[in-house]
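These come from Swiss-Prot:
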BINDING   Leu173, Gly177, His178, Leu179  (6S)-5,6,7,8-tetrahydrofolate binding site
MOD_RES   Lys285  N6-(pyridoxal phosphate)lysine
SITE      His284  site 'Plays an important role in substrate specificity'
Amino acid sequence: MSDPRAVDPTARDIAEKLAPAYRTMLDAIAQVEPRIAEATRAELTDQRHSLKLIASENYASLPVLATMGTWFSDKYAEGTAGHRFYAGCQNVDTVETIAAEHACALFGAEHAYVQPHSGIDANLTAYWTILAHHIETPALSEFGARTVNDLTQVDWDTLRHRFNDQRAIGMSLDAGGHLTHGFRPNISGKMFDQRSYGTDPQTGLLDYDKVAELAREFKPLVIVAGYSAYPRRVNFAKMREIADEVGAVLMVDMAHFAGLVAGKVFTGDENPIPHAQVVTTTTHKSLRGPRGGMVLTTKDYADDVDRGCPMVLGGPLSHVMAAKAVALAEARTQTFRDYAQRVANNAKALAEGLMKRGVKLVTDGTDNHINLLDVTTSFGLTGRQAEAALLDAGVVTNRNSIPTDPNGAWYTSGIRIGTPALTSRGFGPDEFDQVAELIVTTLEATTPMTASTGKPGKAKYQIADGVAQKVHDAADELLGNFPLYPGLDLA
């Protein structure tokens, strides 16, 4: 296999061809609102000169970015391909069909719904797909109605009460779940009577026996599996066994690790597609596409999910669906599979680099793309302080709660870091070991400032003189060896 750190000549050729178009585009924007053109240029500069370690971020290819900037943005297309509420949607039908075909082929799914604008939209669509299939459709049959519009007011009130009487379980936020998995402040926590499962307090690992115990006791309609900050893989075959035992639907949110599924890093019991009836994902993150979402289902749920509009959504973002199709086509290549494997390998290298320097990691390592650092135990800092100090040094991360977090969900005790973005730039294990050194150097030089109570504060901090600039310079030198969008010169 060729050196993964070498610049792809095809990518450079594309960038050089697109550079004049981007320069012209920015000049045109500047004539209307120069501050937006300036911010766009500044964002590229910032991304080129920062160590992007946010696990949910990546770099989409220039063809994907270019696809979003077309007149597809102007077209309304409520409905699905061939069944629109607007005329003149034949080209949108083509785009949506191609994107869905790529999604099914890439993941081995029976059906794909590619309209959701985001991961949250995908999860909402999935929840209501399940409710429509298991609650609404049987009720319509019971009441002798074809659609909800045909119900009497009494029957409609009965159905609404049934909707509101359903149960779901998902991974708790501090254990690594997502806010859409039943977090009370989120709409998902208000839609369902909800309970959360966590992780083993000693190991930080998912305890399947505890999940099964909760499911038997609570008897949910939906069991949500998946995570946003859990640094290990999930056995979806076990989760399906639990769901089947209690008559629940298994819904998997693979937004964070979809790229590792697409790239064949997660296979067998770790691949959710053969085991879950409903799977949601974003199309960015590790999948490296545009910002958006998808729902993949078995054929039994196809008709229900295709009613995402008007059930949850309105008009799809046609220009983004087109970009999804391009990104999914890219993900079907061997180049992407090689990339996905490097993402996982690099995450292990980063974990080893951090642990050998004395950093405490939740679960003592990783086998996906995420590392979760306990910065309170390791450095006496809150996640908020560590996040801000690292940003001062040109290292972009996000604070994150850890299991039974003593600092709560706002200040947190952890930071979450991931390898997809820097792997896209060509970083390998040696570079990620250097990244570990830069992180530790920064945080060892950071101390909490005293609060008005006389105790160490949770927000303010100070970094030893010169350390932030030293780390920033070292990061910039490292990044210079792996240019972002090489050949894209906007000067």
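Count begins at 1; order follows the chain as displayed.
Heads up, the Cβ atoms here are built off N, Cα and C, so glycines get one too.
Source: prediction; values computed, not measured.
Swiss-Prot feature annotations superimposed on the structure.
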residue	record	Cβ contacts under 8 Å, 6 or more apart
Leu173	(6S)-5,6,7,8-tetrahydrofolate binding site	Leu179, His181, Phe183, Ser196, Ser401, Ala409
Gly177	(6S)-5,6,7,8-tetrahydrofolate binding site	Gly170, Met171, Phe183, Ser196, Val224, Gly226, Tyr227, Ser228, Ala229, Tyr230
His178	(6S)-5,6,7,8-tetrahydrofolate binding site	Gly119, Asn123, Met171, Gly226, Tyr227, Ser228, Asp253, Ala255
His284	site 'Plays an important role in substrate specificity'	Ser56, Glu57, Asn58, Ala60, Pro290, Arg291, Gly292
Lys285	N6-(pyridoxal phosphate)lysine	Ala55, Ser56, Glu57, Asn58, Ala255, His256, Ala258, Gly259, Pro420
Around the recorded (6S)-5,6,7,8-tetrahydrofolate site, report the further residues of that chain (criterion: Cβ within 8 Å of the mean position of the Cβ atoms of Leu173, Gly177, His178, Leu179; site residues excluded), sequence-ordered.
Gly170, Met171, Ser172, Gly176, Thr180, His181, Gly182, Phe183, Asn186, Ser228
Using a 10 Å radius around its CB, how many other CB atoms surround Leu179 ((6S)-5,6,7,8-tetrahydrofolate binding site)?
17
